[in-house]
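The annotation transmembrane segment is assigned in TrEMBL to 16-37, 57-79, 91-109, 142-162, 174-193, 213-231, 238-259, 265-284. Annotation comment: TrEMBL describes 144-282 as domain 'EamA'.
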Amino acid sequence: MYVLIKAAFEHGMNHYVFVTYRQASATLAIAPIAFFFDRITLEQVLYFWGFDNTTSTYAATISNLIPAIAFVMACVLRLENMNIKSPRGQVKVIGTILCVGGAMIMTVVKGPTFEFLHHLRTSKSLSDILGAKSLVVTSGNLILGLILLIISDIAYSAWISYQAWVFKNYPAQLLLTALMLLMATVQCGVVAVCFERSTTAWRLAWNYRLLTYIYSGVFCSAIGFFIQSWCINKRGPIFAAAFYPLSSVITAILEPIFLHVDLHVGSAVGMIVIIVGLYVVLWGKAKDLKGNTNLLPTQMGDGVERQEQAVEMPKVKNQNEELNC
């Protein structure tokens, strides 16, 4: 997704219009399914505004802050069982740190490039195929883009934490996803109209922009958000957020092939750290689920018996007092 969208931005696609059409296509894709079977706006606008002012690697890398932010929010809101003194709690903390640390390594550490990937490159990059001019990212645009990306990550982490709370009382993931995307389409449309008045930016045609709208809307928003909602409902927000660092790995692999960007040794090291951290988090979550499965029935049974005894004892005492009287 990052490679495809970045190429479209270089081709002149407006980020406000993109977010609106993305949400609209996502709503059209999932609304019929929700009908028969069963506030993301701020994050989307800020994210792609920042994306437009940076590069796809920066956008994918900054998104790796989501596991750490979601981890803190879930612990503060008590949406995640966390005992820092237990091995399982320590493992989840270490795994989250590894995911974020690996993403930072990909950004900061460069080193030599992998020359063998040049043989896998396409004859022309996506930007050349589209006839797009290379985007010159100035220092001012880069700082603004990074700030916007960080704010969007905070908003996104709050959103997935909110979903974990909502699904406790509203388990219909399809319908809820369709309603969120519908509201996001309306809200993004209002924002886009305020900032982009040119009719050419809104014009639809059978070109690369339409492909980007449909692909990002149907696959990344509609299907992606539904799968994410299902995972949050089943395993919690930290489990879903732990997979976000994989976007940096996939982007770093695809960029040298389609955008002709060099892959450095530092990026490869960061990939390995991210994957290790992801498996550590998943191992900790698996231990949590196994522990809950083994302990919960007996604990619940003991609790019920103790509650019954606590309720019955006063009754017996009162009956004895009546007999004595």
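Placed from the backbone N, Cα and C atoms, the Cβ positions cover glycine too.
On a predicted model such as this, the values are computed, not experimentally measured, just so you know.
Residues 57-58, 61, 64-65, 67-68, 71, 82, 84, 238, 242, 244-245, 248, 252, 264-267, 269-285, 287 of the same chain lie 6+ residues outside the transmembrane segment (91-109) yet bring a C-beta within less than 8 angstroms of a C-beta in it.
Here the domain 'EamA' (144-282) returns a mean pLDDT of 80 for the predicted model.
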